[in-house]
């Protein structure tokens, strides 16, 4: 990933000690006044792809009218080729003394170029460089080169007087410029619409911007296909407010005495809302805590909601149900730490919970010798609609959702999953608190245990019997 080929690709001398202007005529030698030394720079490494170059007695540079100033910047192999080389020239207008002075800079690789007194160019034969210009009208010039070639870069600065396209050598005006050169991972840290990431391809390490919200370019500054502020706000509101569909399942769970399940649904609704508020690209972002924490809690709440709903449908013994709830929370936390975006993090717990549900319903059906749940109304008005809604949500999530339609397909996913919980959550088990006439409760040490009616109160009050005597 080298720089553009406009700089030439012919083998050149590695580092000449000085810059010479070609003499007139064949065999002639350059006069001594046309030989200028190359001024080295100091290198200060701060971090990966973060290097500052300092010049002696800088950062201001005085440019006398009779000769240019040449600086050498050394980029090391591997360490510097994956960043962005930035150069900034700033003209000190107060040093011009009302002269019409223009400062030209020419940045070339491996071989310096001399700037003439008349026509100013930054190319010669097969060698080309980057030209910078500062004057009283335009005081600052900036240049950025992503993924620069390693080796020695030469910056030649020359001050000339007059108005273009032809200039003349200044007589008594000494221009002063401020030079700032550094190597950074990304262009302007990718701005508000991007994130600078350190990447590796085979053995090549480099940094690049990951742009969001439709922005493009080296520094995420190209807004040709960018999303508008209104569109960003709409997508954020849809993803956040769609989680309010969990409110009906929470109310239904509390009314049915499923307090633990209601707590899990509330946890999921809260962290899913604020995770999507923090996860949005662009500037419509609101984070109440660290992004990684919000993402973990959102994923854990989503998986736990599926887990507790299916386990509640199995109608297991309270002790077994509590053990499965706790075991599921611990195993899901471990799985999310291992691979948060893995497919089996969603399918594995769901299939295991469905296996428990199928086993519990099969055992209960065999013991009762009829289908469980026993009422056709529950199958027709609860289980079938809930299963269809949940299946549709899974199909949308797995096969329809893309990066382009994420904001509204994922919002529909929120609403469908929350709606399916309201259908699938089983009704409250009815309990008959009436004690048979032949039984008398003991006031000290024992209590009567009455059978709980499991399905919609199908057994009448007269059918309640004392099942056992439990030690308190």
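If you go along the chain as it appears here, the first residue is 1 and each next one adds 1.
From the backbone N, Cα and C atoms, a Cβ is placed for every residue, glycine too.
The disulfide bond feature in Swiss-Prot is assigned to 186-196, 190-209, 211-220. Residues annotated as domain 'EGF-like' in Swiss-Prot: 182-221. Annotation comment: Swiss-Prot describes 92, 100 as N-linked glycosylation site, evidence class sequence analysis. Annotation source Swiss-Prot lists region 'Disordered' at 1-37. Positions annotated as topological domain 'Extracellular' by Swiss-Prot, on the basis of sequence analysis: 1-233, 278-292, 337-342, 401-405. The annotation topological domain 'Cytoplasmic' is assigned in Swiss-Prot to 364-379, 427-472 on the grounds of sequence analysis. Under the heading transmembrane segment, Swiss-Prot lists 234-254, 258-277, 293-313, 316-336, 343-363, 380-400, 406-426.
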Under DSSP, is residue 190 (disulfide bond) part of a helix or a strand, or is it coil?
helix
Near the domain 'EGF-like' (182-221), which residues from the same chain, at least 6 beyond its ends, have a CB less than 8 A from one of its CBs?
1, 48-53, 75, 78, 80-86, 144, 146-148, 227, 232, 281-283
Across the topological domain 'Extracellular' (278-292), what are the DSSP residue counts per state (helix, strand, coil)?
3 helix, 0 strand, 12 coil
Show me the subset of 92, 100, 190, 209, 211 whose Cα is within 10 Å of residue 196 (disulfide bond); these are the recorded positions I mean.
190, 209, 211
Can you tell me which parts of the same chain pack against the transmembrane segment (293-313), counting only residues 6+ beyond its ends and a CB-CB cutoff under 8 A?
258, 260-261, 264-265, 267-268, 271-272, 274-276, 278-279, 287, 321, 324-325, 328-329, 332-333, 336, 340, 345-346, 349-350, 353-354, 356-357, 417, 421, 424-426
Thinking of Cβ pairs under 8 Å, which stretch from 258-277, 343-363, 380-400, 406-426 has the most of them with the transmembrane segment (316-336)?
343-363
Distance between residue 190 (disulfide bond) and residue 211 (disulfide bond) at the Cα atoms, whole Å?
8
Would you mind sorting out which of 100, 209, 211 (the recorded positions) have a C-alpha within 10 A of the one on residue 186 (disulfide bond)?
209
Tell me, how many other CB atoms lie within 10 A of the CB of residue 211 (disulfide bond), whichever protein chain they belong to?
21
Distance [Cα-Cα, Å, rounded] between residue 211 (disulfide bond) and residue 92 (N-linked glycosylation site):
36
